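Notes follow once the structure below has been shown.
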Amino acid sequence: MAKDKKTNPESKKSFPTAFFFLLFGVIFGVVTVQNFFSAKKASVGFSHQLEHLVNLKLLIPEESRKTALNDNLVSFSGRFREVVPAEGQVRYQYLDLIERKHQIDFELEEASKSLTVLSKEVRNAITWFSAISGMPIPEAGYTISPRTDVGLSVLEPLVVYGPVDAQIVNLAALENRVRSLPKSTESLRVFGSDLYALIGKYLSPALGIGSESLKKEIKDLHQQVENSLTQVIEGDQAVALYKTVLETLHRISLALVSPEEGTRFHQLRSVRLYREDFNRCVKLLRESDETQVQLDKLRGELVQAVWYFNNQELSSRALEKQDPEVFSRWFEGAKQEWAAFSSNKSLSFRAPDQPRNLVLEKTFRSEEPTPHYSGYLFTFMPIILVLLFIYFIFSRQVKGMNGSAMSFGKSPARLLAKGQNKVTFADVAGIEEAKEELVEIVDFLKNPTKFTSLGGRIPKGILLIGAPGTGKTLIAKAVAGEADRPFFSIAGSDFVEMFVGVGASRIRDMFEQAKRNAPCIIFIDEIDAVGRHRGAGIGGGHDEREQTLNQLLVEMDGFGTNEGVILMAATNRPDVLDKALLRPGRFDRRVVVNLPDIKGRFEILAVHAKRIKLDPTVDLMAVARSTPGASGADLENLLNEAALLAARKDRTAVTAVEVAEARDKVLYGKERRSLEMDAQEKKTTAYHESGHAIVGLCVEHSDPVDKVTIIPRGLSLGATHFLPEKNKLSYWKKELYDQLAVLMGGRAAEQIFLGDVSSGAQQDIAQATKIVRSMICEWGMSDHLGTVAYDEHSEAAPTGYGSYHEKNYSEETAKVIDNELKTLLDAAYQRALDIINSHKEELELMTQMLIEFETLDSKDVKEIMDHSWDADKKRARMKEEGMLYKKISEDLPPPPPQENVQDGTSLKFNTST
């Protein structure tokens, strides 16, 4: 019975999953039905649309109803016809004709205004022509357009009258003067100036010749006269020229006066434009008469018609007299409703809460309002269902793991019970000092009385400090596994929630659970999420995170040594932790988990290599030496990548080739073989990397060259890898000078062999500059500046932001530092040039081999330097490495039978391995 009482409430609290599927189905069904009904409605929603629908007879009158809501608003409904009746088509044609008539009248009015303006321009142009040509206007005048009768309308003629202005120097006067023109220079100059001015008047906009051929001919005459005025021409030659020009002008004048296409002065722009507008007016008048005839005919058919226009009831004649602009805007709505009829036909519509108008009062039948409960149901049901769904989801979240709302403040720490933790110190390698620090904790958990009997106090808290991936969490689990005690694990971010007080409640609950399972270990990973400095946040020291931290401080200082609870925490940001959290009595011991050295990396690789099938020839010590700065997680990932690469190549064991490739992938990035590099780019990269390798092999204090490659990885097009022989604990001056020469080797090789330099040495120059600046300003290795530290770096601020660089020396000292910096870099570059000049043959050979093989290992580089290089041996070695541990397919087909065919030949097959 006790078991039933315990389990039945849990079964009642669990909500059936089928309910949620049913809930989603109901919501989907309601929305679908609403969309179905709304999609079948016609697009009528405003009362002003009804004027056009009623005028064009598009609605069924018997189904047009309205329901009064108050004195101003009504709801109306109706249905469209299946086809437009004949009367509706006649009505629409009538409205369209009225709109066309208004448009024609407007265009005709604009054309008439244009004719008035152009007629004035024509008179001015012809009068000006008569004045400059000396040709008098006839008494009857020049007729540009005759009187024209178009139906009942008349277009008045355009006749130009006017006397000639005798004061203007004209063509006729110059023709008379040239007959008795003296041949003196002054007389010729005066006559030429008058002729030049006359030709300019022919080209003036006042005349406005529109023919391009005539204008070009007149411009040529203008240029000839201008040349005669600027050049020295004999008298007879000048007179002959002027006579020719006058004859040409006379001919042009006669051509302008001569009728063309039935019109004089047709070559003038103003006359041509006038004729175009005149013809346009004639055309518009004819269209107006035709439209008026059609309107009269349709008006006879619609004598009894009633039109609803802007809330007015009008006859057909009254509709025609409406303002054209107002009618045009109103007719746009009629056109839209007429065009929409094809999609609205046979459909019903309903529009609620619309203002009353005349068409509703006259044509729609009134009815009493009826309640639509189904409409209310469809309207509010989706809202109710969504609110219910949100309520149930929220209630399930609040219930948490234990099925009650009060469990929201319970600790989410995961308990690894006694006997379940299989991790021991045997699984931890490379951090021996940290393991030694934690041996006492293991002894306490196994035998607490050993320490308390002597009056000693066991550390209440242990803080593991180290970079990411160094094994802080792993060593904490190893402590619990070695002592075989319960292990509570939780992340620092699990304490902070959106509800106030939840974090502090979880802290209290976690320590209560730990006391019940004492002796045990509580491990808080990434404690900096909850243990940051107080008072630095936006909440001014009173936010939820700080309340959680306060509760943690109280709990850590509140339990005694006899309770057997040890708190372990891990962080990679000890600088941001609150000082009260770090004081003795809370975290008594700080264990620094450093990045492993060469020996540590070898031990870590050996631990992870136990579960990987490695080729016995794989040198784990060489891998450890080639991965400086790698954490335990990096090394584990390296071996895992090597195993994946070997499996991809169908090998039965992981060889040194896969390990080296995985190391490069983890540390430097994946090969970018898809990057297109032309032959010149490959050659440049090969010279650059060969320069690094040659200088590195020739200097005394450089690490051995491990590999040279021109395969792009990450952001680099190539790389030269060095294999450190020992841990780098300090830097020596001679070593740094050699390292600077190695860094400058790539740029020096480009300068010597290519005669130019590229941007590929950007990282080399930046790294060399950083080293030299540290030598001068931090390590006191400059002969000129002495053993003085010129750079200061501040400690990290309490807010958690990084340190900053402070300059505390004068501008003159800065100049000396810059000069010394340039001197050392120039010396390193010159040293690299000297080394490469003395090993040109080896560098050229290494470059050629890099272009062919793309990668050279340490053995290849040594053979090139020893002049014992053999490319065939390299190819054979690469082929042997490629076939090493290759899987042999078990599904090979049997060999084909050797049967003779009719022509006496045997069947032969190509085989490949």
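The backbone N, Cα and C atoms fix where each Cβ goes, and this holds for glycine too.
Taking the region 'Unknown' (1-100) as a whole, pLDDT averages 72 in the prediction. Residues or ranges marked as region 'Unknown' by Swiss-Prot: 1-100.
Taken from Swiss-Prot, the feature region 'ATP-dependent zinc metalloprotease FtsH' applies to 101-913.
Around the Cβ of G469 (ATP binding site), the same chain contributes S631, G632, A633, D634, each under 8 angstroms and 6 or more positions distant in sequence. Taken from Swiss-Prot, the feature ATP binding site applies to G466, A467, P468, G469, T470, G471, K472, T473, supported by sequence analysis.
Note: H692 (Zn(2+) binding site) has non-local neighbours V708, T720, V742, L743, G745, G746, D764, i.e. same-chain residues 6+ apart with C-beta under 8 A of its own C-beta. The Zn(2+) binding site annotation in Swiss-Prot covers H688, H692, D764, and the record cites similarity to another entry as its basis.
The region 'Disordered' annotation in Swiss-Prot covers 887-913.
Sequence annotations record features per position, and here Swiss-Prot assigns compositional bias 'Polar residues' to 899-913.
Sitting within 8 Å of the Cβ centre of G466, A467, P468, G469, T470, G471, K472, T473, and not among those site residues for ATP, are the Cβ atoms of L464, A570, N572, V593, S631, G632, A633.
Apart from H688, H692, D764, the Zn(2+) site neighbourhood in this chain, defined by C-beta within 8 angstroms of the site C-beta centre, holds E689, G691, T720, L743, M744, G745, G746, R747, A749, G760, A761. In this structure, the C-alpha atom of T470 (ATP binding site) lies 36 angstrom from that of H688 (Zn(2+) binding site).
Residues within less than 8 Å, Cβ to Cβ, of G471 (ATP binding site) and separated from it by at least 6 positions along the same chain comprise V428, G430, I431, V593, S631, G632, A633. A467 (ATP binding site) counts 13 other C-beta atoms within 10 Å of its own C-beta, drawing on all protein chains shown. Reduced to three states, the DSSP call for G469 (ATP binding site) is coil. Rounded to a whole number, the distance between the Cα atoms of H688 (Zn(2+) binding site) and K472 (ATP binding site) is 41 Å.
For K472 (ATP binding site), the number of other Cβ atoms no farther than 10 Å from its own Cβ, over all displayed protein chains, is 26.
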